[in-house]
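Student: My structure is below; once you've seen it, I'll send some questions.
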Ligand SMILES: Nc1ncnc2c1ncn2[C@@H]1O[C@H](COP(=O)(O)OP(=O)(O)O)[C@@H](O)[C@H]1O
Ligand SMILES: [Mg+2]
């Protein structure tokens with residue numbers, strides 16, 4: 001897909017924001033548990049969902065982490081790009097943000113205990129939905145964006161009802177096949193224009209409210225890529241904030257219950273099939289939204305825009321970041337994407353080194369990068 | 001008509017052998033081997049190297065392919081999968097590892113053998129003609145060898161000590177361990193055997209369809225489908241799934257000839273509907 | 001006799017050629033402790049799965065307070081008040097004891113799930129109420145001290161109790177306990193027996209499957225005996241002890257498998 005981009009100079013920028021340990025408010029709990037609570041605060045600020053009682057005294061730490069993250073994404077990065085003139089990075093970072101959104105969806109299906117290797121299908125479906133609405137029916141991009149997400153969510157309910165009954169590798173394999181189904185469908189349908197795809201899709205128009213222009217038309221801007229970066233980053237922030245809230249709400253608790261034991265959950269009266277479909281629909285919604293913005297940036301879409309490779313990568317992003325962390329997929333996407341780009345200069349050895357280091361990483365950190373935080377806790 | 005069935009059987013025999021390897025690894029190790037297709041490709045290239053370039057006899061080439069893949073499988077199990085299974089919190093992590101290995105093999109094969117489609121000269125020439133049925137002799141030979149390997153595999157699983165041990169392990173790993181089966185060792189054997197089967201099919205089919213470095217992924221997906229149709233982790237299921245997919249492809253490509261990719265779309269959709277009705281495939285055990 | 005809370009009629013389940021449960025009928029009265037006993041593989045767990053609607057019967061039906069519940073989805077039956085625990089110690093491994101019990105309060109929530117997403121006042125009220133109720137249940141079952149332990153770190157006895165706690169949190173009218181005393185020593189069993197009695201005294205009807213004869217005899221108001229999927233006897237503990245068909249059925253099997 002959109003990979004071969006020149007070498008970035010400061011890939012660490014966003015990572016720094018992600019991993020920043022927030023200054024924790026000293027716990028007001030019992031003496032012995034202080035250390036645990038503080039650590040809990042640090043990790044829960046990163047969205048760790050593991051095996052520890054969630055402490056509720058981390059407001060300050062969390063707020064600081066969020067502030068640093070927002071400042072880095074919306075101020076520091078644009079400033080650094082402006083001052084170094086590396087405007088190509090806008091495009092790269094937009095891609096990372098959009099892929100992270102789709103990966104976040106995959107992460108949610110992981111969260112209910114399903115390994116989803118089919119997000120490419122929904123990214124493709126969302127991309128096509130937006131492309132057709134904008135290019136063929138003349139919709140505004142801004143309307144097509146939620147529409148694409150909702151179309152994916154709706155379609156994924158229909159697909160999900162039967163396939164979510166499958167567990168383990170069966171579900172994984174079916175979702176993998178689903179990506180192929182999406183590609184072949186895009187090739188076969190008249191409305192998607194077969195292998196030629198849809199090209200010359202207009203860029204997003206303006207948003208006007210009460211005669212006021214809130215967002216200018218993208219093609220009127222000197223740097224549309226900058227606008228796309230802000231759009232993608234804002235969407236990513238929104239999606240992950242939503243995800244974070246979701247898994248910390250009651251719904252999230254029920255999702256976790258599903259992952260750990262579907263039978264027990266249903267014996268307590270939890271409507272397991274419904275919740276599974278809800279999670280899958282949200283996941284596909286994220287895939288569709290990510291795909292739709294991607295298409296708006298590329299101004300074109302083909303059946304091969306999202307393939308099985310992308311589906312696998314979405315899954316890898318989640319694994320690599322750490323499945324126990326809401327923000328794992330964000331970090332995983334960043335690392336994998338920039339890792340791949342950094343290796344560009346190794347020429348023919350790019351894939352070899354890339355996959356080799358992935359294997360090594362698995363050996364050293366089988367529970368994802370963010371699990372480093374847990375290690376530090378265990379070795380005092 | 002006979003032609004369609006004969007083609008289906010020929011494809012089915014190959015597919016069944018691929019699916020057997022995949023299902024064996026899954027049953028013993030609970031690992032979904034994403035790299036199965038790449039192992040197939042590697043087997044094809046070994047035969048291309050030994051038989052096609054070095055001009056050694058085909059049998060030697062086939063043995064070389066089997067040995068290479070068996071060793072590769074054993075090494076992967078011993079040094080990668082075993083470690084990750086031991087250290088990881090979630091057993092799905094092996095999927096990431098398998099995907100990484102798939103990419104790695106893809107890259108390595110591309111570097112070693114280039115991206116060109118490679119073929120070798122026919123192992124036997126001539127065509128078998130009977131009524132309106134036309135089959136080249138080499139296809140018949142290759143299908144026969146595949147069936148022979150399948151039968152040998154089944155006999156081994158049924159009647160030899162390692163076969164019995166592996167069956168016990170597939171049934172219930174803990175129980176097998178308590179009965180004194182060295183599960184680690186047989187995990188390694190099973191992995192080597194599964195990889196070897198993939199390599200053997202690659203080695204057989206390179207004589208007919210040739211091989212190129214890009215087909216690993218698609219082969220893996222086909223293997224997944226066969227295993228799903230038949231039921232994961234079951235020998236009979238893998239064989240049934242292989243023949244069913246072979247038949248479907250053969251029929252579909254004839255009937256939907258004009259539409260090309262529609263065959264696969266139809267097969268995929270049919271399979272998803274089938275799985276919605278029978279979540280464990282034809283013969284699979286209930287999952288989880 | 002009053003109307004039974006649960007009526008099982010001609011319940012039959014076939015798996016392929018095997019008839020796991022064959023024409024079993026019995027009633028459960030409100031507030032009693034009824035035990036189902038029988039050798040391994042007799043079909044006891046299958047009866048539980050049928051009652052809780054985890055599997056649909058081949059024939060026959062289950063009525064809860066006069067209403068047919070077989071054929072409904074498992075979670076619907078659970079919401080009506082028929083809650084089962086599992087034979088294997090089935091828990092949420094990655095959660096603390098307290099969190100597991102809180103999750104199990106889901107049924108009682110009045111706020112919508114979206115209310116919980118946005119943290120509305122009703123949702124927060126429910127959240128607090130669930131926490132208090134969970135603590136109460138944990139204390140009641142003697143799990144107060146381990147409430148913040150990971151469920152997967154708890155010893156066997158505590159796990160069984162946690163299974164019951166999760167069941168109780170779902171606000172059952174009738175609780176189905178599958179081998180609640182399995183893997184316990186005599187002391188633990190005695191404690192668990194008291195626990196089940198206490199649960200009954202809270203007004204929850206209890207239906208047990210159990211191997212431990214001593215415990216069964218001590219705890220049950222009535223006993224139903226199943227052999228090869230068929231009900232061969234039903235009555236008070238004293239009557240069952242004297243029943244010839246029961247003795248015969250049990251003489252045919254190894255002592256250890258019935259825990260005599
Ligand atoms: N899902 C199933 N498929 C096939 N047979 C089953 C299934 N569940 C239970 N059985 C069979 O039904 C019989 C009764 O099992 P079960 O109710 O678990 O016995 P118990 O709990 O009394 O030990 C056993 O022979 C068992 O093998
Ligand atoms: Mg039982």
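The backbone N, Cα and C atoms fix where each Cβ goes, glycine too.
Okay, so TrEMBL annotates it like this:
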- B:12-35: transmembrane segment (TRANSMEM)
- B:56-75: transmembrane segment (TRANSMEM)
- B:95-113: transmembrane segment (TRANSMEM)
- B:140-159: transmembrane segment (TRANSMEM)
- B:185-211: transmembrane segment (TRANSMEM)
- B:223-246: transmembrane segment (TRANSMEM)
- B:258-277: transmembrane segment (TRANSMEM)
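Please situate the listed features within the shown structure.
Tutor: Long-range neighbours of the transmembrane segment (B:56-75) within the same chain, counting only residues 6 or more positions beyond its ends whose Cβ lies under 8 Å from a Cβ of the stretch, are 39, 42-44, 46-47, 49-50, 123, 188-189, 191-196, 198-200, 202-204, 207.
Sequence-distant neighbours of the transmembrane segment (B:258-277) (same chain, 6+ residues past either end, Cβ-Cβ under 8 Å): 225, 228-229, 245, 248-249, 252.
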Student: Go through B:12-35, B:95-113, B:140-159, B:223-246 and flag the stretch with the largest number of C-beta pairs under 8 Å relative to the transmembrane segment (B:185-211).
Tutor: B:12-35
Student: Short question: most Cβ pairs under 8 Å with the transmembrane segment (B:12-35), which of B:95-113, B:140-159, B:223-246?
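Tutor: Ranking B:95-113, B:140-159, B:223-246 by Cβ pairs under 8 Å to the transmembrane segment (B:12-35) puts B:223-246 first.
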